[in-house]
Structure formats: C-alpha cells, structure tokens
Amino acid sequence: MKADIHPQYHETTVTCTCGSTFTTRSTKENGAISAEVCSQCHPFYTGKQKILDVGGRVEKFERRFGRRQPGQKVGGAK
C-alpha cells in the first residue's frame, strides 16, 4: 500500500438541529459537522411520526405553481 495517499482523520463533533451531539472521525478539517436529523430525533428510531419538511418545500411548490382543483386542466398545448 502506498504511503501518504490517504486523507487524515480528525475527531469531529456532529451537532443535530434537535440539540444532540456525538463525536466521530471525519476527513473534514474544522472538527464540526451539522446535521438535520440524527438517531435521537429521526422518526424511524424514535417510533414517532414527525414531518421533516426542510425549508417548507411543499409551501414553496404551492406558492410557485398554485394548488389545482379537482377537474382543473393543466395549461393548453402550444
């Protein structure tokens, strides 16, 4: 195996938006990573239903394109 071709691992603290933190190792040099979800708040691990709508994606889509009514046709052919 060649020497000095692999990146250096650094101790890194991962901080979730829920406030929990844990330490791991990473090639990222500044030693800090932020995460949106972790095992403490992810619905799969907690067993609780929670909507993870980051940045209001649904609302942004509805503002941009509007909400269609049933039976309403989409724009005509050109």
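Every residue gets a Cβ built from N, Cα and C, even glycine.
What you see is a predicted model, and the numbers here were worked out from it, not measured in a lab.
Now, the feature entries from Swiss-Prot:
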type	residues	note
BINDING	C16, C18, C38, C41	Zn(2+) binding site
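With the fewest other Cβ atoms inside 10 Å of its Cβ, the least crowded of the binding-site residues C16, C18, C41 in this structure is C18.
Taking Cβ-Cβ distances under 8 Å and a sequence separation of 6 or more, the neighbours of C38 (Zn(2+) binding site) in its chain are V14, C16, C18, S20, F22. Note: the Zn(2+) site is recorded as C16, C18, C38, C41; in the same chain, T17, G19, S20, A35, E36, V37, S39, Q40, H42 also have Cβ atoms within 8 Å of that site's Cβ centroid.
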